[in-house]
Amino acid sequence: MKLRVIYDEMLRTKVAPVTVFDAQLKKEAEEMLSVMHSYRGIGLAANQVGLNKQLIVYELIPDKTDKEQKDLPTIPRTILANAWIVKFSKEKEVINEGCLSLPGLELPVERSLGVTVEAQNLDGKKVTIKAKGLHARVLQHEIDHTNGILFTDRAKELNVLKHYVGAKIVFFGSDEFSAEVFRGLTTAGLNVMAVICESDKPSGRGGVLKPVPMAEIATAVEVPVFKPESKSEIAEILAQLSPHLVVLASYGKILPENVLEIPTFGCLNVHPSLLPKYRGATPLQSAILAGEKATGVTVMKMNAGVDTGEIVAQTSTEIVPDETFLTLRDRLSAVGSQLLIKTIPTYLAGQAKLQRQGIDATQTVKFSKDMGEIDWEKSYSEIDRQIRALNPWPGTFTFVGEQRLKILTAEIKDGELALQTVQLEGKNAVTWTDFVRGHAQQLKKESWYGKIA
């Protein structure tokens, strides 16, 4: 028997009555008790282990030497079939509940202090149980399960983040977009137990190895950082950490399917596009290049495909006329961080409405250095979008003689392309006016020079 967790359809199934009381039923009940004890639980319903039967088991033998358990009552081992509540007490109380199928969560739930339950035992004989206190709460919780109801369906303060700090999160990310999403998680007080990022990268003209931005941010707040090189190493590290949830934002590598199956609650990806549009590595640049008027952020539950998972949450935002890759990245990282923080409670509580992506998908490509060269046959608006989208990488450039000239900033002015800041290969960035002053004769030899303002 395998314990089912949130978003498994069995947890939302109203299970069938038990009609056959035989040795097989007794065996299943014993196996359920074994699963329950292995997870240190006090109750379990059959659909939590994939059985379509109105069968529940529970037992509590508190450890009186444990200060957290010494005041708990002893609840005898009980196995019930076809249990239903015939009477609720008018008096109610609100206390925190948890569930084996939603590990790491405790939320306040109001329930009756006492109940009367009618059921059948493993021999099919009718039994009546009158329970109070914790015993009554366990019965209500497990009978809810047999009706496809989770305790989070009844929880108060569902969106209060403090109730989710028990969920262990491992964060995958590497760049500045990742860093802002990570900051959102830690600022909210959520339990980010580790960061997994790409290895150090060459930086500057000397090519000195430098940690990626995410590594520096995590180290500064004393969150452990791992930099696995291979897929097998990723799987090994994650298995050792055993998180409840993985959150990924701009990690830079594709996670293999076996890694996605390790976290209890799966993996959420914060992707800066309105999926299914602009799947892949360059959604921000691609949206600007295409002249989109709007884009957004999607939080999705990852699957084996590239950005093909079910949508958990999505929000849109305008792309302003002078938007650059850097301004859009910084803006959407903040939007994505806020969306994720809003989404996590609903998702972990099993209340999110997951939606399959539509069929109108588009795929982005990774850019190479040569892809930044300007085609001067294109319109001014296309070239302007290219300049705004591809800075800093791979950069937009043309040639003066045999030297590359990077176009760092430009604008459309009076219907023409006006360059603002440029950088000749091996030199510092200068204004276009200063560059023209120093290279007037060379520029006159270039056919493209006459096409700009």
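The backbone N, Cα and C atoms fix where each Cβ goes, and this holds for glycine too.
Database features, via TrEMBL:
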- GLU142: active site (ACT_SITE)
- CYS99, HIS141, HIS145: Fe cation binding site (BINDING)
- SER273, LEU274, LEU275, PRO276: (6S)-5,6,7,8-tetrahydrofolate binding site (BINDING)
- 168-344: domain 'Formyl transferase N-terminal' (DOMAIN)
- 367-414: domain 'Formyl transferase C-terminal' (DOMAIN)
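Where TrEMBL records a feature, it is marked here on the structure.
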residue : record                                     : CB count, 10 Å
CYS99   : Fe cation binding site                     : 25
HIS141  : Fe cation binding site                     : 23
GLU142  : active site                                : 23
HIS145  : Fe cation binding site                     : 24
SER273  : (6S)-5,6,7,8-tetrahydrofolate binding site : 24
LEU274  : (6S)-5,6,7,8-tetrahydrofolate binding site : 20
LEU275  : (6S)-5,6,7,8-tetrahydrofolate binding site : 25
PRO276  : (6S)-5,6,7,8-tetrahydrofolate binding site : 19
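Using the Cβ center of CYS99, HIS141, HIS145 for Fe cation, the list of other same-chain residues with Cβ within 8 Å runs, in sequence order, GLY43, ALA45, GLN48, GLU97, LEU100, SER101, GLU142, ASP144, LEU150, PHE151. Taken residue by residue, the domain 'Formyl transferase C-terminal' (367-414) breaks down under DSSP into 14 helix, 17 strand, 17 coil. Rounded to the nearest whole angstrom, the C-alpha distance between HIS141 (Fe cation binding site) and LEU275 ((6S)-5,6,7,8-tetrahydrofolate binding site) is 37.
Ranking the recorded positions GLU142, SER273, PRO276 by Cα distance from CYS99 (Fe cation binding site) puts GLU142 first.
Between the CA atoms of LEU274 ((6S)-5,6,7,8-tetrahydrofolate binding site) and HIS145 (Fe cation binding site) there is a gap of 35 Å, rounded to the nearest whole number. Report note: the (6S)-5,6,7,8-tetrahydrofolate site is defined by SER273, LEU274, LEU275, PRO276, and the residues of the same chain whose CB lies within 8 Å of the CB centroid of those residues, excluding them, are HIS271, LYS277, TYR278, ARG279, PRO283, GLY296, THR298, ASP307, GLN314, GLN357, ALA361. The two recorded residues, GLU142 (active site) and LEU275 ((6S)-5,6,7,8-tetrahydrofolate binding site), have Cα atoms 38 Å apart.
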